[in-house]
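Annotation comment: TrEMBL describes 1-43 as domain 'ESPR'. Annotation comment: TrEMBL describes 34-59 as transmembrane segment. What TrEMBL records for 215-237, 271-297, 299-324, 408-425, 430-452, 500-521, 523-547, 553-577 is domain 'Trimeric autotransporter adhesin YadA-like head'. Annotation source TrEMBL lists domain 'Trimeric autotransporter adhesin YadA-like stalk' at 662-693. The annotation region 'Disordered' is assigned in TrEMBL to 730-754.
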Amino acid sequence: MNKVFKVVWNAATQTWVAVSELQRVKGKTKSKSLANPVLMAISAVGVGATMIGGVSAAVHVNDTASNYVLAADGTGSSIPAYIIQGVNVTGTVPPNYGHLTVYGTDISLGSQFTPAWSALVGNNISATGADKILYGNNISSDSFAQSPAVAIGRNLTLTGAAAMSDDQTGYNSAGESVLIGHDLSGRANNVLVGTNLTTTEATTVVVGILSETQGARTTAFGYVAKALGAGATALGTSVTAASQGDVAIGDNSNTTGSGYGKVAIGYATTASGQESTAVGRLANATATYATALGSYSCATAVQSVAIGTVARANGENGAALGAYNTVNADRGTAVGSNNQISTGSNRSTSVGTQNNIYNWSPNSTAVGNSLNIFGESNTLLGSNASAMYVSNSVGIGTNINAGSSSVIAMGHNTNATGSQSIAIGCSTTASGINSIAFGSDANAIEMGSVAIAAHATATGRETIAIGLGANATHTTNLADIEGGFVADATGDEQGDLVPSIAIGAHSNATSSNAIAIGTNSNATGNRAIGLGAGTNATGNRSIALGWLTVTEGNRSSAVGASASVTGDYASAVGTGATVSGTSAGAFGAYSNVMGNNTYVLGSNISVATEGSVVLGNNSAASTATNVTTATVNGVTYTGFVGNANIAAGDYVSIGAAGEERQIKNVAPGDISANSTDAINGSQLYLVAAEAARHSVVAAGANISSVTTSTATNGATVYTVNAIDTNTQASVSSDDGSVTISQSTNSNGTTNYDLSFTDNDTVTSVSYGVLTILQVQQMHQSM
């Protein structure tokens, strides 16, 4: 600013005067003396007031004197007060105008000058119009400057505007302006402050050096600041607000491109997309509606948002919120720091730190830290987790590996690597297709396997292990599998794989299709089933059901606490029942069968013979005998049937000595020579009733007498005494049940035939005396 003059208020004269800025004002409150030139100007006002009376004509100030003072105070005239002092002041003060101060040299009042409320101070000044303040050297105001104007400085040109400083030019055809600086160009209602400033439209503000505005309502403030669109604002050094409504604030900040409404704030910040915003050092928003906030942040896609240091949002509608986040996918969102969402991973989200969603992994979500996803529609929550080269998988926890598609892995150090598998727990693994592992250290290894509970293991295809330490393992060396399975006793199984199931703490199902259910249960035989705590089914296709129940034999079964079967094809049912024989069975508590093909029904029975049957509690075993003959009362019976191949165990026992039992409800058995049926009580009753009828021997015509006696077996002996031994005779009982006939043999001996209808027996007959040695009823021979 010019340091020579200033305008101050003189309290003594009640007027504004121009004085040197090197001097102080003398007034009522100040007592400092002024320099002579200023004192002379102030005195001239007083002199003019006394020397020149008010006149009604215009004052012509073209006196050629080298120095003069012309003053009027308006007394008795319509001309207001004015003061003109200087050298070579030309022009005319029109009538009825005043309040004019002119001080300097080579001052020209133009023909259209209406100098009311004006002040012209300096050298080489040309003024036209009213309400002017021209202060300095080489100042001009043309005829278009009809509005109030101010020009302060040197080499100034004012066209309806104000200029304050050296080499200013202002232009205003309709309004008021303020220009401060030099080499300025502006229009209506401008404010230009600085050096080498340019404005082309009205209502602008330019402050600085080499700054420029183009468009109304613009503001440029700084060094080489440019506001080039209507309503634009540029603040700083080498700043450009290129379009309508743009804002550029900060050194080397720029808005570029034709889009409007851009904002760039910070050092070397750029906003080039329409209505984009870049805030921060070297922030860059290059796409429409993009927003970049933070040092080195960058938003390059439509409606993208990057907030944070070195945040990058390069996908449409993408958002990188946090330091060093990068979003290269459309509609991707990264919140936190150091997250990466790569190209093609559209609609993916990462929240946390150091997460990576790699190329072409759309619809994925990573929440936590150090998470890695490569594949579509994956979700990770936690830390140090990965879902790589998979899709539709979920991992939740720490050190998680969702290693196949459509899996769920939850916990710590958990792995789900089989397709569509589920692993939940600490150090849990589900590696088989469609497998499930649930619990700490649970492992489901093969297809369709299930391991549930801590340390449970299902290593066979479609095996199930449930319980603490349960183990369901498919055996690969199977020599005895039937039903179409191909096996090699020396190698791996060649046929179809079959599942096993283990449910319960420390249960084990280690063979094909084996089932172990219960704490410490074991099913190690092929297709074996162990149900109950401590059960062991080691035989192939065996069943152990109970507590501490054991089946070691193939195709055997044991049911009951501590029941045990070691023989093949055997069964033990009942607490403590044991069977060691093959194809045997014990059905009852604490019964024991040691023989093959032996069965017992009842408690506390022990049988070692083979092929036996023992029935009833506490019944005793025995030994079968092979009976081919029987002698009763001296009579030997033979011809029995059903006695071939009788073994020692071929018996049925239904009691014991002192604890015999009856057999009830027996149907009548067949009575024939070859029958081996049992005879019931009704059949024996009829035999006994028939035998109770006594045989009668009566003397005939040739019989002298018949005598009776009792045999040692209790049978009745009839003696017939014949009258004539040479005569044939026949004797019969009254009811015809006994008939004796006589005949002579060829050798002359007599033959007597004795027949009975009631099964009496005659063993011998002597000549002359007929003796029946034995007659025995049927029930005595049974």
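Sequential numbering from 1, following the chain as shown.
Cβ atoms are placed via backbone N, Cα and C, with glycine included.
In the predicted model, the domain 'Trimeric autotransporter adhesin YadA-like stalk' (662-693) has a mean pLDDT of 88. Remote same-chain partners of the domain 'Trimeric autotransporter adhesin YadA-like head' (500-521), defined as residues 6 or more beyond its termini with a Cβ less than 8 Å from a stretch Cβ, comprise 450, 452-453, 456, 458, 460, 463-475, 478, 481, 485, 493, 527-537, 540.
Counting residues of the domain 'Trimeric autotransporter adhesin YadA-like head' (523-547) by DSSP class, helix then strand then coil, yields 0 helix, 9 strand, 16 coil. Residues in the domain 'Trimeric autotransporter adhesin YadA-like head' (299-324) partition by DSSP class (helix H, G, I; strand E, B; coil) as 0 helix, 9 strand, 17 coil. Per DSSP, the domain 'Trimeric autotransporter adhesin YadA-like head' (215-237) is made up of 0 helix, 10 strand, 13 coil.
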